[in-house]
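This report refers to the structure that appears directly beneath it.
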Amino acid sequence: MITQEHYCALPAPKIRTLKHLRTFEVTLDKHGLGPVAGVDEAGRGSCCGPITIAACIMPQRPIAQLQALTDSKKLSAAKRAELYPLIKKYALAWSIIHISAAEIDREGIQHANIFGMRRAIEKLDVAPGYVLTDAMKVPGLRCPSLPIIGGDAAVRCIAAASVLAKHSRDLIMDDLGGKYPEYGLEDHKGYGTKSHMDAVRHHGATPEHRYSYSNVKAAHDQWLQEKTQ
């Protein structure tokens, strides 16, 4: 039987077709280690809004409607929006967790990310027998897990989780863009672009900003200084 130790030495498979995208999941499942859950996050590098983590268990069969599935960063916003309900429809189980900016400031991004991944896995309606993540180790799980570098482009369940996380978070950032129109959050999704930091320097940070991030703190402090002069 293939064990976790066997897999720790394996690189992510070279992807050419959707069949290759399912290689890790199918092999683990055939050796009695399924069901296999994929986990990924969106918004870790952002300085505003939540970090969003999704977990997903996909059926071990080809799904024609998901032929376009790959790493969410390689898909257009329109394609992610198209795949989002289809993934929910065909997945055996899925979950989405949002960790707020306030919690990120309180606990740190690394802790928030790992905690969110554990929570997303625990929230699945189907208990996984094995968990595959996109490069990040997640301690404290009830089943074996394996981080795969480039997993969001190499493993179907991770790719599915990446789309769920990215699109779900984008919807939140679109809503925050309407709530705080001065910052253009619906465009840059909370990442530290020049226009975003200029807006923080001009208007100050919102409650949705991550004050523990140095770029937010510097821009917000500049706004405070100019405000008090």
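Every residue, even glycine, has its Cβ placed from backbone N, Cα and C.
Model, not experiment: these values are computed from the prediction.
These features come from Swiss-Prot:
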- Asp40, Glu41, Asp134: divalent metal cation binding site (BINDING)
- 34-225: domain 'RNase H type-2' (DOMAIN)
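Structural mapping of features recorded in Swiss-Prot.
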| residue | record | Cβ within 10 Å |
| --- | --- | --- |
| Asp40 | divalent metal cation binding site | 31 |
| Glu41 | divalent metal cation binding site | 28 |
| Asp134 | divalent metal cation binding site | 25 |
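According to its DSSP assignment, Asp134 (divalent metal cation binding site) is coil.
On the 0 to 100 pLDDT scale, the model's mean across the domain 'RNase H type-2' (34-225) is 96. In this structure, Glu41 (divalent metal cation binding site) is part of a beta strand by DSSP. Report note: the divalent metal cation site is defined by Asp40, Glu41, Asp134, and the residues of the same chain whose CB lies within 8 Å of the CB centroid of those residues, excluding them, are Val39, Ala42, Ile53, Ala54, Met117, Thr133, Ala135, Met136, Gly151, Asp152, Ile158, Ala161, Ser162, Ala165.
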